[in-house]
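*Asks:* Take this structure first; my questions come after.
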Amino acid sequence: SVGFKAGVKDYKLTYYTPDYKTKDTDILAAFRVTPQPGVPPEEAGAAVAAESSTGTWTTVWTDGLTSLDRYKGRCYHIEPVAGEESQFIAYVAYPLDLFEEGSVTNMFTSIVGNVFGFKALRALRLEDLRIPNAYVKTFQGPPHGIQVERDKLNKYGRPLLGCTIKPKLGLSAKNYGRAVYECLRGGLDFTKDDENVNSQPFMRWRDRFLFCAEALYKAQAETGEIKGHYLNATAGTCEEMIKRAVFARELGVPIVMHDYLTGGFTANTSLSHYCRDNGLLLHIHRAMHAVIDRQKNHGMHFRVLAKALRLSGGDHIHSGTVVGKLEGEREITLGFVDLLRDDFVEKDRSRGIYFTQDWVSLPGVLPVASGGIHVWHMPALTEIFGDDSVLQFGGGTLGHPWGNAPGAVANRVALEACVQARNEGRDLASEGNQIIREASKWSPELAAACEVWKE
């Protein structure tokens with residue numbers, strides 16, 4: 001017969017290749033696949049590989065003009081999920097040529113762009129990605145990273161302390177700056193714009209930036225410590241976002257902030273490049289992450305969003321608390337915390353890490369624990385997150401019965417007590433409450449905080 005063999009054919013003939021040996025340059029993905037009833041797992045896994053790479057629903061004439069073997073995604077392994085009927089982990093390898101260099105946006109458009117609406121699947125979740133060295137090297141990554149940040153701030157050997165200014169909406173710029181000053185003066189390292197503070201009618205961005213800068217210079221002069229306030233540069237357009245970052249730089253402040261999921265990866269990478277070029281640290285908030293990562297069987301796990309952020313660029317990122325008001329299992333959380341901070345992370349399924357990830361000296365990101373935490377949580381947080389982290393107490397600072405500055409004092413005293421106890425070899429997990437109680441004997445501010453929030 002003339003021409004090519006037209007018609008719909010099974011994906012698994014082309015895209016399910018259990019003998020395939022993965023290459024060092026491949027991007028590897030682990031998908032949790034829930035096929036529709038009657039769809040075999042091989043076909044579902046192959047369909048994912050096809051739809052997220054070169055495949056389309058029918059054979060097309062132009063297939064003959066490409067080298068499919070060079071460009072197709074391959075489902076190379078399938079395993080059942082323990083304890084779940086009809087769920088499988090499908091491992092897919094993508095050739096590096098399918099992706100634009102230095103573009104998280106393109107990486108996600110390819111891997112998770114179309115395939116999640118696929119009819120043959122009831123649900124699909126991207127659990128993990130292995131980013132090959134060759135691709136990592138096309139990204140700038142975090143503007144500065146953990147070590148450079150410590151050097152800029154001159155703060156070593158302990159976690160950093162932050163506080164989100166509340167009420168998050170409705171304060172005037174002057175009163176907002178006042179709250180910032182009180183917290184920093186009391187002993188915090190950072191204060192933070194809430195993620196939804198951008199530039200609203202009750203407080204325009206330029207006024208807020210000005211009063212916050214005034215607050216942090218005053219606090220710096222009085223405490224002899226370097227202080228920061230995360231000025232949220234997130235805006236409706238990239239141009240406006242950069243304009244805000246430029247103004248922050250002109251004020252001489254150390255750090256700005258961005259909501260990377262609502263702002264988008266393209267905007268985030270642009271801001272990250274600007275921050276590295278101009279010596280600004282970049283704090284990242286993950287507003288909207290639960291829309292993507294909360295469902296256990298559909299969407300994307302946060303560890304994928306965290307890896308993507310490390311590529312796109314950010315010096316801090318919110319990553320759950322393990323102890324506060326928002327959910328997060330301890331081992332899983334520590335898994336992606338390591339993926340953010342460490343240079344090399346071994347595959348470890350008990351911590352949700354499906355692939356060994358080598359970051360080839362891309363700078364690390366500080367995880368930020370934030371949400372419903374207070375002084376009694378301090379020993380656990382110090383133990384779980386270690387020194388390279390930012391602990392953020394919003395209500396846990398501003399809710400102090402004596403006011404903001406004493407709230408900040410209470411947190412700083414609690415932190416210093418925990419760090420000292422740890423350095424003396426005491427066990428924070430078992431003696432935590434004891435350590436806080438001892439410290440509160442000589443700090444009335446901490447004692448008052450201990451009264452308000454029970455253990």
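Heads up, the Cβ atoms here are built off N, Cα and C, so glycines get one too.
As annotated in Swiss-Prot:
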type     : residues                                       : note
MOD_RES  : Lys5                                           : N6,N6,N6-trimethyllysine
BINDING  : Asn114, Thr164, Lys168, Arg286, His318, Ser370 : substrate binding site
ACT_SITE : Lys166                                         : active site, proton acceptor
BINDING  : Lys192, Asp194, Glu195                         : Mg(2+) binding site
ACT_SITE : His285                                         : active site, proton acceptor
*Asks:* Please report the number of other Cβ atoms within 10 Å of the Cβ of His285 (active site, proton acceptor).
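*Replies:* Result for His285 (active site, proton acceptor): 28 other Cβ atoms within 10 Å.
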*Asks:* Applying a 10 Å Cβ distance cut-off over all chains shown, what neighbour count does Lys192 (Mg(2+) binding site) have?
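*Replies:* I get 30 for this one.
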*Asks:* Secondary structure at Asp194 (Mg(2+) binding site) (DSSP, helix/strand/coil)?
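*Replies:* The three-state answer is coil.
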*Asks:* Nearest to Glu195 (Mg(2+) binding site) in three-dimensional space, by Cα, is which of the recorded positions Thr164, Lys168, His285?
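*Replies:* Closest by Cα: His285.
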*Asks:* Provide the three-state secondary structure of Arg286 (substrate binding site) computed with DSSP.
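*Replies:* The residue in question, Arg286 (substrate binding site), is coil (DSSP, three-state).
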*Asks:* Roughly how many Å lie between the Cα atoms of Lys192 (Mg(2+) binding site) and Thr164 (substrate binding site), rounded to a whole value?
*Replies:* 5
*Asks:* Fewest other CB within 10 angstroms, which one of the binding-site residues Asp194, Glu195?
*Replies:* Asp194
*Asks:* Quick one: give me the count of other CB atoms within 10 A of the CB of Asn114 (substrate binding site).
*Replies:* 12
*Asks:* Name, in the order they occur in the sequence, the residues of the same chain whose CB lies under 8 A from the CB of Lys168 (substrate binding site) and which sit 6 or more residues away.
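*Replies:* Listed in sequence order, they are Asp194, Asn196, Val197.
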*Asks:* Taking the Cβ of His318 (substrate binding site) as reference, which residues of that chain separated by at least 6 in sequence fall under 8 Å from it?
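*Replies:* In sequence order, Ile284, His285, Arg286, Pro367, Val368, Ser370 meet the Cβ cut-off.
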*Asks:* Mind giving me a neighbour count for Lys166 (active site, proton acceptor)? Other Cβ atoms within 10 Å of its Cβ, every protein chain shown.
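*Replies:* The answer is 15.
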*Asks:* Can you tell me how far the Cα of Asn114 (substrate binding site) sits from the Cα of Lys166 (active site, proton acceptor), in Å?
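*Replies:* Here the two Cα atoms lie 39 Å apart.
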*Asks:* For the recorded Mg(2+) site formed by Lys192, Asp194, Glu195, name the remaining residues of the chain with Cβ within 8 Å of the site's Cβ center, in chain order.
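*Replies:* In sequence order, the nearby non-listed residues are Thr164, Ile165, Lys168, Asp193, Asn196, Val197, Tyr230, Asn232, Met257, His285.
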*Asks:* Cβ distance under 8 Å to Thr164 (substrate binding site), same chain, sequence separation 6 or more: which residues?
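*Replies:* Within the chain, Thr164 (substrate binding site) has Cβ neighbours under 8 Å at Thr191, Lys192, Asp193, Asp194, Ser370, Gln392, Gly394.
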